[in-house]
There are 2 protein chains.
Amino acid sequence: MKIFRKLRLHELLYNKKDKRLAAAIKLMVGSKPLNLSLFKLAVRHSSAAEEIKHGVKASNERLEFLGDAVLGAVVAEHLFIKFPYRDEGFLTETRSRIVNRESLNRVGQKIGLSNIVESDLSGKGLYSHKSIYGDTLEALVGAVYLDRGYIFCRHFILTKILSPYFDLDNIITTVTNFKSKIIEWSQRENKEVEFFLKSVTGTQRFKEFTIELKIEDEIFTEGTGSTKKKAEQEAAKNACEKLKLAL
Amino acid sequence: MKIFRKLRLHELLYNKKDKRLAAAIKLMVGSKPLNLSLFKLAVRHSSAAEEIKHGVKASNERLEFLGDAVLGAVVAEHLFIKFPYRDEGFLTETRSRIVNRESLNRVGQKIGLSNIVESDLSGKGLYSHKSIYGDTLEALVGAVYLDRGYIFCRHFILTKILSPYFDLDNIITTVTNFKSKIIEWSQRENKEVEFFLKSVTGTQRFKEFTIELKIEDEIFTEGTGSTKKKAEQEAAKNACEKLKLAL
């Protein structure tokens, strides 16, 4: 098997479509796939799933489950080593800024997954495939892990995903807890700061919260976000800027 | 460094307490630690944390963050390979049955972490250290990972945690969705099945839900659990048994 792989004899069996996929994977991952079928599966969105057995459909969802876990572990280790003096709350928050649907979706698009994803999204609402590239990116990580093992996969994640597409310094700045900054300030200055939920708009799945920050009962800033917490952070950040607090 | 480790010269520097810890780790992990300081940190609960730098305390919480991620990845891969025809919903649910606070706590106690954990729980409520052994088990996984790498750590997890302490067959049976079983039955038999929340007791953090399952408006079974979903499952399971439905 090893010699077969070394000589890349399996590539002789590739059809045109396979060759195209293998070339695309090489660009993204840094080397050609050993087991192309893993990557064929990784780029197959559930909307284009094939029934392989009675009631069992083959799509990238299982690989996504695996890739999500491997990605979580690799990013955890990276942050653990990079920030030896930060507590687990900081590590958890920083990781969730990296590994979340929005950012993975963005990266998935940037590395060109839109060119190779197989999907059938006709007749589906916009939201049902909003995270298709992020999901596929996770599935790709799962495929790389199974194809090449942990060490290779870790290297792939760190050099091809994390380092080019995430500005850690920037992420860390925003992990700064603006809410606690403004509360510290209020205690120092002896002012009363309060957060009020002004409105919630959007659909069930994609809500937008608007928070008002009041200082001494007067509206000082506002913030919006997809969660109450994010909206509060945004409002607090705006207040910090307005008050010219050093961050 | 390698020869130093090979000859185990570092063990000459162990004091009595170190020797005891190294021996305990050997029993749990299967081989002696290379870097004992990782394990010293892993067994230090936050209640017994040492201040190592202004405002920075050294406890096992950071290692717990790392170990949690590694454990998640290893269990994900194990289930992915073991159940090639099950969907990601099943994999996710099965993993959460394995990697959860209660079960990790139980395993942590069973492998003897209570003998080596350093904690200072005087004056703390019972609940604040309820998951101390589960947390320490995760920290131990993190320490093994850093000490020996992924392959060794995966082997440790599979052979020393998963295989001896988790009965996968049993877990899978309970992952069977009893609620959907009973709903299928109701549709087949044309009976009306409903779930009612009867009561919620306990404290804010440790609630107990009781659910009544009614068939044709008559109470048929009851179930309790720490979440509404679990209580429903329990009620549905009891109903399946009472109705002698094949599972």
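Quick reminder: no glycine exception, Cβ is built from N, Cα and C everywhere.
A quick note: this is a predicted structure, and the numbers were derived from the prediction, not measured.
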Residue among A:Glu64, A:Glu77, A:Glu194, A:Glu208 sharing the Mg(2+) site, where TrEMBL lists A:Asp135, A:Glu138 as binders: A:Glu64
Non-site residues, in chain order, whose CB comes within 8 A of the mean position of the CB atoms of A:Glu64, A:Asp135, A:Glu138 at Mg(2+): A:Asn60, A:Glu61, A:Leu63, A:Phe65, A:Gly67, A:Asp68, A:Leu104, A:Gly134, A:Thr136, A:Leu137, A:Ala139, A:Gly142
Recorded positions (A:Glu64, A:Asp135, A:Glu138) in Cβ proximity to chain B, threshold under 8 Å: A:Glu64
Alpha-carbon distance [A:Asp68 (active site); A:Glu138 (active site)] in Å: 5
Neighbour tally for A:Asp135 (Mg(2+) binding site), based on other Cβ positions within 10 Å of its Cβ: 27
A:Glu64, A:Asp68, A:Glu138 as recorded positions, winner by CB count within 10 A: A:Glu138
Conformational class of A:Glu64 (Mg(2+) binding site) under the three-state DSSP mapping: helix
Structural state census, the domain 'DRBM' (A:177-245) (DSSP three-state): 27 helix, 27 strand, 15 coil
